[in-house]
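Here the structure comes first, spelled out in structure tokens, and everything after it is commentary.
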Amino acid sequence: MGDIEHNVCNDGGTMQTPLLESSPAYREACPGCRLEQRKALSPNALPYRDLSIVGLLCLCNSLPISSLFAYVYFMVQDLQIAQSTTQIGTYVGFLGSSLLLGRFMGSTGWGIVADRYGHKPVMYIGSSSTFIFMILFGFSTNYWIALVLRFLTGLANGMTATMRAYGAEICSAEHQAFALSIVATMWAVGLIIGPAIGGYLAQPSEKLPSIFPSGSLFDIYPYALPSLCISVLALAGFILSFWLPESLHTHNISERKMKKGIFSHEKNSNIGSETEEGKEQKLKGEVKDGQKQLWKNRAFIAAVGLNAVWVVHGMAYSEIFPLWASSPEVYGGLAFTTSNVANVLALSGAAMLLFQLFFFPRLTKAFGTIQCVRAFMFLTVPLTAIYPLVARLHGIALWILLILVSVAKNVLTSGTFTGSFILVNNSVAPSCMYFLMDKGEKLDFELLSMGKGRADKNDALEQPSEQIQLMAEFLQELEHELLDLWRVPRRRKNW
């Protein structure tokens, strides 16, 4: 029963084949096989070290997006690009969306790199480029230079889709929810504490003149300190990523190699030609059929649409909340300082982390991912509607209600993010994962561009935007898809 037959593969590696039982064949020279073997030997073990590094990289990936929110208005004002205060909002929108434009344009290329060369090269380039470009951005004294640097920060960073797929690959199926909760949590925590970092550390000479006196480095460059902190985290992620295992199976036949006929024999060689040609044709057919069936997969369409819409919701909240909290009370705001805003966001981020680590995996096991996502989304609606009422309170009552609502809102949002990631991962075969992540990220950018590429606030109130109509049409189509999925039989519950 326990005898093993050892076969030698064409590439020189060894492949173990059991005589009586069917078990996976691992190749010693393949890093992906070594990772799969490690998971098979310890199916109940969690790779805490690897997940910690993945979480840090996810944090570094989201911080550049959100850290700008707390001070971008003042930065554009100081750069003196706007001819009037009514134009500041336009330049703020351009600067805020330029990073996402870069990620949108580079997402397909980074997906190809991850598919052919593995996740780790994408991690190396993404973290190192974030380290370099964030430092340069913090010391920018020209608006257009800052705009280009922020665009390059997004273009050179392809870790968004890579970290989602990698987090699921390094864990066994039993711990997939926990691994993806780490990815989603650190991403969401980055979106929450990013404005906190910007709020605490921007313009330090005005907040701590004894430490940062007038004429000092951070007085001349008031927005360099938050960028430097993010760069330090990115450098730490770059160094630690060298200890991560690679999950790419180097012995797999890529579609590019198949198209070039690299596995076909020479014309004068007839030994084993029928076997190799048959294998090649079979693999070509599988890839082609998989791409055709992808667009017919309703679970795929709904999962990507849900993820894209919820990214818009989360990003809009992360950007609007600091502006609303800092607005004067006469306009319905709270008249908070940047430090007060940072306090609320930091508490919300801590609550999100605890929820994702200790409660979310248990909830998904008890009720299922789809049911949890539905409940989280439903409860988020009334919580979001409570915010305007908070501004009517004063003193300790305002702080208590604001913290409770913010914590609950961000916990539910992070749970929806994590659940949507799991649905995206489970909606297609692993061979289509990078393609799916790429399309989801592109759809995220398109919807975010509708919200960020706006004109001045006063003009927006006077002239209804055509983009609102486009968004309404998209949401109607998505609603029909989700209603159809609601009626799907229970046998398709576990995508």
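Even glycines carry a Cβ here, placed using N, Cα and C.
Annotations in TrEMBL come from automatic prediction, not curation.
For 50-495, the entry in TrEMBL reads domain 'Major facilitator superfamily (MFS) profile'. Annotation source TrEMBL lists transmembrane segment at 51-76, 88-112, 132-156, 177-200, 220-244, 299-321, 341-360, 372-390, 396-424.
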Within-chain partners of the transmembrane segment (177-200) [C-beta distance under 8 Å, separation at least 6 from its ends]: 46, 51, 54-56, 58-71, 163-164, 167-168, 170-171, 226, 229-230, 314-315, 318, 321-322, 338-339, 341-343, 345-346, 348-349, 352-353, 356-357, 360-361, 364-365, 369, 410, 413-414, 417-418, 421-422, 425
Per Cβ pairs under 8 Å, the stretch of 51-76, 88-112, 132-156, 220-244, 396-424 packing most closely against the transmembrane segment (341-360): 396-424
Recorded stretch, among 51-76, 88-112, 132-156, 220-244, 299-321, maximising Cβ pairs under 8 Å relative to the transmembrane segment (396-424): 299-321
Range from 88-112, 132-156, 220-244, 299-321 with the greatest count of C-beta pairs under 8 A to the transmembrane segment (51-76): 220-244
Interface-richest range of 88-112, 220-244, 299-321 toward the transmembrane segment (132-156), CB pairs under 8 Å: 88-112
For the domain 'Major facilitator superfamily (MFS) profile' (50-495), mean pLDDT (0 to 100): 76
